[in-house]
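So the structure is just underneath, and the comments pick up after that.
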Amino acid sequence: MADNATHRYISSFFLVGIPGLQDFHCWIGIPVCLLFALALLGNSVIIITIKLEPSLHQPMYFFLCMLAVNDMALASSTAPKMLGIFWMDAHWIDFDTCLTQLYFIHTFCIIESSLLVAMAFDRYVAICIPLRYTTILTTPMVIKIGLAGITRAILMVLPCPLLIKRLPCYTKYVINHAYCEHMAVVKLASANTLINRVYGISVALSVMVWDLGLIAASYTKILQAVFRLSSQNARSKALGTCAAHVCTILVSYTPALFSFLTHRIGKKVPPSIHIIFASLYLLVPPAVNPLVYGVKTKQIRDRVVGLFFPNKKISGN
């Protein structure tokens, strides 16, 4: 009974980091730090640029601003603890702190997916029904869409830490991960975790299937509308407005799908590879998204150039 009580009231977990690569943690921390710094700097520049440039006060850029804020929050919820593990051997994490990190990581991930859907809808309205763009995507509507995405994420993820809290006891405390991930924590419990596993998989599948389905439906309609245009120049311009968003979708969903599939069916994939991809999923999109939009979106590119190089003449193209 005393042993069970000890397991029941476990106070902290031990985060391994990258299993099998502990000797290289110091070096692994360098790209993690660079990605984190790039995420904070790049997204801050995007937010400041959109705030200062009146021509960017449009629904598309409001959604981008929300994405930038979410990306900064997502990177900040993971990178500091990872750097603590890699550089300072700060492997221990309090039980409740672990559940808090777990909650925020998964919440920000779902918000990210919701915003990508919202941006796909924005491109659909802009290209397929442009005459109604300003009447459909008003500022209040953009705010409502953003709040709906946040509310969905909060409610979907909330049961995860609550279900973990109800598990009766823990016989293990070592998490073979660089951060607190839902399934990694659930696997430590010495109890029937069927409800936890089913709910976790249901949330992940529903978000991916529903959101990717909506994005695919939007782009199907967009491509149909684009190929009905008679001018090649008009087609290029229309597709050009979607380029940054498509790149962001690929950057966000590719490592997420790989991580999800290897976690469930990739039994032969080394744990170190799985953990690396799971970490990249949380750090690469926040770092890369500002670069994608900075390069692919002329209005942002020109404004950023003007912000840092005020004497440089911006081309009219």
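Glycine residues also receive a Cβ, built from the backbone N, Cα and C atoms like all the rest.
Listed in TrEMBL for this protein:
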DOMAIN    42-293  domain 'G-protein coupled receptors family 1 profile'
TRANSMEM  27-48  transmembrane segment
TRANSMEM  60-79  transmembrane segment
TRANSMEM  99-121  transmembrane segment
TRANSMEM  142-164  transmembrane segment
TRANSMEM  198-217  transmembrane segment
TRANSMEM  238-261  transmembrane segment
TRANSMEM  273-293  transmembrane segment
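In terms of C-beta pairs under 8 Å, the stretch of 60-79, 99-121, 142-164, 198-217 lying closest in packing to the transmembrane segment (238-261) is 99-121.
Taking Cβ pairs closer than 8 Å, the transmembrane segment (198-217) reaches residues 106, 110, 113-114, 116-117, 120-121, 156-157, 159-160, 163, 182-183, 186, 249, 253, 256-257, 260, 264 in its own chain, all 6 or more past its ends. Each residue in the domain 'G-protein coupled receptors family 1 profile' (42-293) has a pLDDT score, and their mean in this model is 87.
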